[in-house]
Amino acid sequence: MVTPGALRVLFLLLLLLWASGMENSTILEQPRNVCLGLINEGNYKSFHLENTAGCFTKCRQSGNEPCDLKNLQRYWLKYEFHLVENQMGIVNMSFLKAVVQSVSTNISEDLLFSLTPSQVPRPVTEEEHEPPDRVRLPRSLFESLQDSRSVVRLAITLLDIGPGNLFKGPELSLEDSSSVLNNRVVGLSLGNISVSKLAEPLEITFSHQRPPSNMTFSCVFWDVTKGSTGDWSSTGCSTELSAKRTVCRCDHLTFFALLLRPILDRATVQALIRISQAGCGASMIFLAFTVLLYAALSPQQPHSLCLRASRECERCHPCPQPSPRLGHSPHPQQAEHDLPAGRTAGPCEPGLERQKESSSTLEGGPWRLRFYRQRFKSEDAPKVHVALSISLFLLNLAFFINVGHGREPSDATCWARGAIFHYFLLCTFTWMGLEAFHLYLLVIKVFNTYFGHYFLKLSLVGWGLPALIVIGTGSANSYGHYAIRDKKNMATLELCWFREKTAVSALYVTVHGYFLITCLFSAVVLGLVAWKIFTLSTATAGKEQGPNWKGVLTVLGLSSLVGVTWWLAILTPLGRSTIYVFALFNSLQGVFIFCWFAVLYFPSRTAVASSSGTARIDQVHTASQE
């Protein structure tokens with residue numbers, strides 16, 4: 001017979017057993033979350049693979065599923081080693097296509113495999129039609145292993161990583177502005193054999209449609225040592241872009257992918273703004289120096305020029321005043337162009353002889369020209385330079401105001417800022433075009449170039465034409481808030497410019513089209529001037545040996561005046577690096593102009609005079625002072 005005390009003990013034991021069972025069931029239920037990467041760890045049967053692959057969709061930034069990305073990513077990385085060590089043949093699942101085969105280290109040619117997304121990777125030969133997606137493994141990779149083994153096992157894997165955060169990396173998952181092309185990863189592995197720093201890189205070709213204009217492709221591999229969970233890296237990989245395919249060349253084996261990145265994501269925009277602000281600040285300082293130097297030159301004394309020919313003159317003589325051409329310039333080269341018809345130039349006159357005889361004189365004995373600082377304000381070339389400097393200074397100032405505002409301005413204020421910025425941008429383009437026009441008149445078109453009130457007419461074009469364009473554009477209510485957006489339509493930069501989407505045609509016509517016209521004209525003129533400089537330099541090659549560095553420096557100086565740094569904008573669609581180059585060099589244009597201005601108008605006692613726009617082609621180093 002069971003006593004009441006025994007019943008109580010039995011009841012207590014049952015309670016303890018029940019509590020222990022509940023605790024154990026709780027322990028067993030807790031790790032049932034597959035996306036923590038613990039349940040299926042080390043298990044690679046079909047059931048476990050499909051179970052773990054569900055995390056490709058479940059593990060999202062906005063999802064409620066707790067995930068351990070490091071464990072999950074390590075699971076798939078180890079799966080490649082499992083394939084090599086434990087399985088031969090093919091794996092064909094909806095999210096995974098793989099092949100494992102033995103390869104002799106004594107092969108005689110490269111290995112080529114098709115990577116068609118819907119098919120299992122298969123070997124193809126050179127004679128077959130090359131598939132659009134493929135991998136080429138150089139035979140040198142296997143030959144390097146001949147000393148240790150005669151056969152190796154190769155695993156090639158195509159893995160669909162889905163839309164979640166797996167294999168996206170910290171940058172992609174946090175910024176959400178880039179993506180893995182087609183969510184497809186290519187894995188290459190020889191198991192426990194580490195392959196790195198290949199003498200001949202492997203090639204992976206990805207086919208794709210033409211990317212959007214604001215996106216670019218980059219070849220990457222999964223670097224497990226980067227960050228806490230691993231991340232994509234491009235070290236050891238190069239990218240060869242074309243319209244419908246990209247070739248990745250890498251010097252090691254691992255998981256590879258092709259990333260689609262916005263050219264101007266938030267980090268890139270911020271870096272470009274900092275570079276541009278630093279460069280524009282330096283340019284504003286030097287542009288102010290340029291204007292101050294011009295203003296400081298004394299207008300009280302007559303402009304003195306000393307011309308000396310190495311053959312014709314033994315000493316310097318005062319130069320006769322030339323006839324008024326191109327704004328009454330007393331420049332000696334201008335005088336050469338302005339000798340009256342029928343008059344023969346004396347040995348010390350600026351022209352030396354008429355144009356027909358001057359070329360032989362230029363070849364025989366170069367003239368030396370020395371400028372004094374007292375005055376050159378009667379010349380037009382420095383005025384053109386100063387006008388360009390003022391317009392560029394004001395453009396940089398408008399840029400600082402436009403990108404530096406803290407809170408969002410009102411519509412009226414933003415309209416005014418956009419109009420002002422547009423005006424000074426067009427003024428800068430126009431004055432760079434006028435620099436090229438001035439250069440054309442004085443170097444290419446030497447005769448019949450008389451213009452009354454020359455600089456006044458240039459000023460009407462330089463300041464007036466942009467005003468007319470801005471008035472017409474503003475009357476159509478084209479200015480307003482503008483935003484540069486990334487792939488996810490997130491604003492990376494907001495400023496006052498042309499109104500977003502509603503003024504695209506006005507932007508392309510009045511900015512892009514205007515820039516292309518001035519760019520093409522300046523390029524043609526600069527090319528003709530460079531041709532004259534170097535062809536005449538070749539004519540004197542018997543006396544001047546070695547490269548014509550002065551001619552090169554002259555062309556570079558003229559390039560800063562006609563806006564060659566702006567031409568780099570044409571290269572920006574090639575990738576992010578060219579955008580950085582454009583931002584750096586273009587923002588420093590004011591520094592280059594100051595250096596050219598100072599060299600021209602403050603020459604050393606022994607320096608050969610150069611003139612901005614005047615073709616002292618006999619010295620082959622002119623072009624910026626008239």
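Positions of Cβ are set from backbone N, Cα and C atoms, glycine also.
Straight from TrEMBL, the features:
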- 384-601: domain 'G-protein coupled receptors family 2 profile 2' (DOMAIN)
- 324-362: region 'Disordered' (REGION)
- 1-21: signal peptide (SIGNAL)
- 275-297: transmembrane segment (TRANSMEM)
- 384-401: transmembrane segment (TRANSMEM)
- 421-442: transmembrane segment (TRANSMEM)
- 454-472: transmembrane segment (TRANSMEM)
- 511-531: transmembrane segment (TRANSMEM)
- 552-572: transmembrane segment (TRANSMEM)
- 578-602: transmembrane segment (TRANSMEM)
For this session: Grab the same-chain neighbours of the transmembrane segment (511-531) for me: Cβ-Cβ under 8 Å, and only residues 6 or more beyond its ends, written as numbers and ranges.
Result: 422, 425-426, 429-430, 432-433, 435-437, 439-440, 443-444, 469, 498, 551, 555, 558-559, 562-564, 566-567, 569-570, 615, 623
For this session: For the transmembrane segment (275-297), find every same-chain residue at least 6 residues outside the stretch whose CB is under 8 Å from a CB in it, and list them.
Result: 373-377, 382, 385-386, 389-390, 392-393, 396-397, 399-400, 403, 580, 583-584, 586-591, 593-595, 597-598, 601
Exercise. Which stretch from 384-401, 454-472, 578-602 shares the most C-beta pairs under 8 Å with the transmembrane segment (421-442)?
Worked result: 384-401
Seminar exercise, completed: Of the listed stretches 384-401, 454-472, 578-602, the one with the highest count of C-beta pairs below 8 angstroms to the transmembrane segment (552-572) is 578-602
For this session: Give, as a single whole number between 0 and 100, the mean pLDDT over the domain 'G-protein coupled receptors family 2 profile 2' (384-601).
Result: 85
Problem set entry | Close approaches to the transmembrane segment (454-472) from elsewhere in its chain (Cβ under 8 angstroms; 6 or more beyond its ends) | 326-328, 380, 383-384, 387, 391, 419, 422-424, 426-427, 430-431, 434, 438, 510, 514
